[in-house]
Amino acid sequence: MASTFNPRECKLSKEEGQNYGFFLRIEKDTEGHLVRVIEKGSPAEKAGLQDGDRVLRINGVFVDKEEHMQVVDLVRKSGNAVTLLVLDGNSYEKAVKKQVDLKELGQSRQEADLRDENVAPVMNGGVETWTQPRLCYLEKQGNSYGFSLKTVQGKKGVYMTDIIPQSVAMKAGVLADDHLIEVNGENVEDASHEEVVEKVKKSGNRIVFLLVDKETEKRHSEQKIEFRREAASLKLLPHQPRIVEMKKGSSGYGFYLKAGPEQRGQIIKDIDSGSPAEAAGLKNNDLVIAVNGKSVEALDHDGVVELIKKGGDQTSLLVVDKEADSMYRLAHFSPFLYYQSQELPNGSVTEVAAPTPVPPEVSSPDPTEEVEDHKPKLCRLDKGENGYGFHLNAIRGLPGSFVKEVQKGSPADLAGLEDEDIIIEVNGVNVLDEPYEKVVDRIQSSGDNVTLLVCGKKAYEYFQAKKIPIVSSMALPLAIPADSQGMLAELEYNLHEAKERAHSTASNSSSNSEDTEL
């Protein structure tokens, strides 16, 4: 029966920095990993991909039953060339209806035998998917979480034990013999029992664990597979992000997007009664995480507004309320990862891109640590007549680029750059692992201004030692230029036009926030 269906092998190749030119997504009430939005003249179109194709294999690995983000990750990690085995939409739906073993499509028996000798065990028609690591959020009731910690002879790390029935720990999803990987976003795999106990005590009345159950750990160990924190299950977390779909009305969407000097990110304010925003379930003080499938955690106010405008008459927002934002920050996870475990509604897309992690909440500091030193800096540079006024250096054979010879009074100096600052991001893109030449090219090709996330040497070493990813939301918000102090800008646009209006230019105004009606 399988022979009546003819999958196609599409070999895609691209230049460094180029996209393949298609979206890979899942849709509600539709099975399979779908190919959508193929760009004209792109590698995807040239390779023969068609809208509605279902991806069966990536570089020979059967992926039809895999988690969507694992499939996306396989494409992303393929580098500049990838081979996709696809089946057109109609054939795929017929094959599923006839209960055809999709794994047999496109391979001979000899090929199947060879693969079976060299790949992981097969289960349910695909490469066996081990249970994911999972996040568990515990909020103390009384004096106890309801668990104990133990070490196991001959094993590295700390494990959960003595889970009290109906306790906070049990209700949060903690299991006996779970291996503790992280405490509030900090890796503890190499920590001693005493160090982990101390971290739990210091956490106060709430804590987030990244845990791996006994069977999962055993299988990963046997297969020598490393745990990927971005693949962790978020399903047990009590506060979740929300996907809000809206269509613009005659007066716009009916909400304001605001950001102030003390506010991280962009928040929803002043939702109009009876507006599309209210009908869609948007709430005041919601924090915007993504717009139309793209993370905006590293974007400034204008960047977020521009993405919403590009959506035309409809938009999809991923938002979190204060409780969810607080919990995800405590876990040091980005709410953007919520897309991993969701079947996105029609019109939403998951791009082949890495999500941005979020820093943990500020907890009670150790009095012996200089906490203020452990912050990255966001620096916006406007090019002068003689350039930006600094040199970019790198050490051969070592990752990372760093700042040298910052000229006094230059745009770099005025923006806060200092000698030895390590470049983490260029215009929101992490460049820590990129070669020196590519970092230089990113800065040079950014035009007359560039935004850099940098970290001093001492702070960088601290974050590396703690295994804490460095991201822009850890930094203080960008300073507002002196010539714009006291000005409140509001952009208002509807179906017909976009216009700007200044509310006030009074020098004694107390508001430095950005405020955009949508």
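Backbone N, Cα and C atoms are what each Cβ position is placed from, and that goes for glycine too.
According to Swiss-Prot, the protein has these features:
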DOMAIN    9-90  domain 'PDZ 1'
MOD_RES   Ser108  phosphoserine
DOMAIN    135-215  domain 'PDZ 2'
MOD_RES   Ser148  phosphoserine
MOD_RES   Ser192  phosphoserine
DOMAIN    243-323  domain 'PDZ 3'
MOD_RES   Ser250  phosphoserine
MOD_RES   Ser334  phosphoserine
MOD_RES   Ser348  phosphoserine
DOMAIN    378-458  domain 'PDZ 4'
MOD_RES   Thr451  phosphothreonine
REGION    499-518  region 'Disordered'
MOD_RES   Ser507  phosphoserine
COMPBIAS  507-518  compositional bias 'Low complexity'
MOD_RES   Ser509  phosphoserine
MOD_RES   Ser510  phosphoserine
MOD_RES   Ser511  phosphoserine
MOD_RES   Ser513  phosphoserine
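Taking the Cβ of Thr451 (phosphothreonine) as centre and 10 Å as the limit, one finds 20 other Cβ atoms among all the protein chains shown.
Cα of Thr451 (phosphothreonine) to Cα of Ser250 (phosphoserine): a distance of 36 Å. In the three-state DSSP scheme, Ser334 (phosphoserine) falls into the coil class. Just so you know, of the modified residues Ser250, Ser334, the Cβ with the fewest other Cβ atoms around it within 10 Å is the one at Ser250. A strand conformation is recorded for Ser148 (phosphoserine) in the three-state DSSP classification. Under DSSP, residues within the domain 'PDZ 2' (135-215) fall into helix, strand and coil as 17 helix, 27 strand, 37 coil.
Predicted-model confidence for the domain 'PDZ 2' (135-215) is 90, expressed as mean pLDDT. Rounded to a whole number, the distance between the Cα atoms of Ser250 (phosphoserine) and Ser334 (phosphoserine) is 34 Å.
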